[in-house]
Each structure stands twice: as C-alpha cells, then as structure tokens.
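Only one structure is covered here, and it is reproduced in the block below.
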Amino acid sequence: MMSSVKVECVVKESALIGEGPLWEESEQTLLFVDISGQKIHRWSPSTNQIQSLETGDTVGFVVPRRSGGYVAGVGRSIVAVNWSTQMVTSLVQVDEDKKNNRLNDGKVDPIGRLLAGTMGKEGRPAEVQRQQGSLFSVISNLSVTKNLSQVDISNGLDWSLDQKTFFYIDSLSLTVDAFDYDSTSGHIGNRRVVYRMEEGEGLPDGMTVDADGRLWVACYDGGRVINIDPVTGVRLQTVSLPVMKTTSCCFGGPDYSDLYVTSASLGLDQSGRRQQPLAGGTFKVTGLGVKGRPSNSFSG
C-alpha cells in the first residue's frame, strides 16, 4: 500500500452488517445500510451527524430515486423511501416462491435500471443454503426481469465506463465475473471470470468502479479492499483495514477522491471484538490518487 494512503474510521457507530455505501452528491452525504440492524443511515462528513431510518426487516441496499426519495431492498420487497416522512412503501416483490430469501446488494445502471440480487437468509454470517438466490432487474414501470438464478450470495455489481460490460460477484464462487451488457435491453451474457480470489483474501463482497474503469472489491473476512484491472485480471493494489469483515466500498467526497468502506461486526465473539474494536464502523481511505464516478438514480 502506498505510504500516502490514510485509513480512518469516520463512522464509529458499529453496524451489525454495514453495507451498500453510496455517495449522494446533491446532499454531500454518505448513504449506507445496516442489513441485520434493519436501518438506512445517512451520514454528513461536514457535520459528522448521522440520521437513520428503521426499515422493519433486513435491508440490502438503498439508491436515490429520480422522482425523489430513495428506493431500497427490504426483505424481498423493492420499496420507496420517503426520508422526510420516514415512510417506507412496497413497490414490487421478488422471489415470492422463496420465503426464506432476502434482497442483498443492488445498484442502478447508467440509464436508470435497478439491478438487485437475492440470497437465502443466513444461519450464520456467509453460511447460506446454496443456489437459492437470483439477480433481477427492475425498470421504471416496475416490471421485473430475472437475469440469473441459482446464485449463492448475490453481491457486488457495477458497469464499465462504456456501459458494455457488467461486473458481478456471487461471493461463494470466489470470483469477480464480467458479462457483456446491453444497456438498451438490460440483457447480460457471455459470463467470464475477471479475477479469482487468492488464499487469504477472503470472500469478494461489494464493489465499485473508479473513473479509470478499474475495480475496487471489498474482501469479507479478508480485512482489505483490492484494486483490480478488469482487462488484465491483475491485482494492482491492496488497501488494508483494521477490521476483517470489510463488506463494500464507494468513492465519494466533493471530488470523488475518498474511498468509503463499510464493515460488519456480526459473528465476532468477545475476543474478536476486543481485537477489532472498530468492527462495524465505516472508514474513509484517502491518498489513493484515483477518483470515482457519481452514482445513478433509479428511473421509477
């Protein structure tokens, strides 16, 4: 790791499973969720204040909505979130035949289509009934398309700069994959492996793409974020964090040069908590010398 890189814990409030960080440019705030804590958080770096909304069920992701407010994945429902009234309204359900599933990671593509995946509910962290999950896309009229089935843990997702490649993580496969992507139709195909996790790197979890088109992947049980060139499949850099259960990452800040990283505390015993007092915190990494891109808003 370059000597200029600095890692600091900016949100010390411990999440059970902090996830899905997203920089909201209009508010200059960081959105993220606590899946098992059943909360959406909004943190302001300028005031260091955190606002929270209780979702009443597990919440896998939250994204801005073009018509105002947010859209989130709560339980098996895609919901509308009105932050000012603290109201959560169900829009559409997925996996209606799999009552033990829940939504996990979700993200919006450059034209406003939401992609979101499911997984079986965990007995213990990262222990799930295999191949119960799917990957769905949702368009503005709330029609739902199933893109993939037999997924273990649907996780990180993002797009190449030219929008022609969709990057995707099914965590238990221990790979970061790529698909050809048709942004007009939302069709994905030609799946291939971009990167295979190495011994000690943990499980690939949440992911973001920087302004140079490179991938940044949070490594659950690996205590790091790795930077990958998706063209060559080479790991370019490793950023170590003081917690093992790193879950996801995004770029933010006024010029998108800060990398925010979420983490989890669920599953740590007393010894683990003593060794990792910042587990469940949210971290800011500076000095990487790269920038991210603004996030997209759901068109529905």
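Just so it is clear, glycine is given a Cβ too, placed from its N, Cα and C backbone atoms.
Feature annotations, courtesy of TrEMBL:
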- 17-265: domain 'SMP-30/Gluconolactonase/LRE-like region' (DOMAIN)
- Glu19, Asn155, Asp205: divalent metal cation binding site (BINDING)
- Arg102, Asn104, Glu122: substrate binding site (BINDING)
- Asp205: active site, proton donor/acceptor (ACT_SITE)
Work through the binding-site residues one by one (Arg102, Asn104, Glu122) and name whichever has its CA nearest to the CA of Asn155 (divalent metal cation binding site). Asn104
Can you give me the residues near the recorded divalent metal cation site, meaning same chain, not Glu19, Asn155, Asp205 themselves, Cβ no more than 8 Å from the center of the site's Cβ atoms? Gly20, Asn104, Asp105, Ile153, Gly156, Ile169, Ser171, Gly206, Ala218, Tyr220, Thr247, Ser248
Greatest CA-CA distance (Å) over the residues Arg102, Asn104, Glu122 that the record ties to substrate? 11
Cα within 10 Å of Glu19 (divalent metal cation binding site) is the criterion; apply it to the binding-site residues Arg102, Asn104, Glu122 and give the hits in sequence order. Asn104
Write out, in the order they occur in the sequence, the residues of the chain not among Arg102, Asn104, Glu122 that have a C-beta within 8 Å of the mean position of the C-beta atoms of the recorded substrate site. Ile35, Thr58, Gly60, Asn101, Leu103, Thr118, Met119, Gly120, Lys121, Val128, Ile153
Could you list the residues of the same chain, at least six apart in sequence, whose Cβ is under 8 A from the Cβ of Arg102 (substrate binding site)? Asp57, Thr58, Gly60, Gly75, Arg76, Thr118, Met119, Lys121
Quick one: of Glu19, Glu122, Asp205, which of the binding-site residues has the smallest count of other CB atoms within 10 A? Glu122
If you average per-residue pLDDT over the domain 'SMP-30/Gluconolactonase/LRE-like region' (17-265), what number do you get? 96
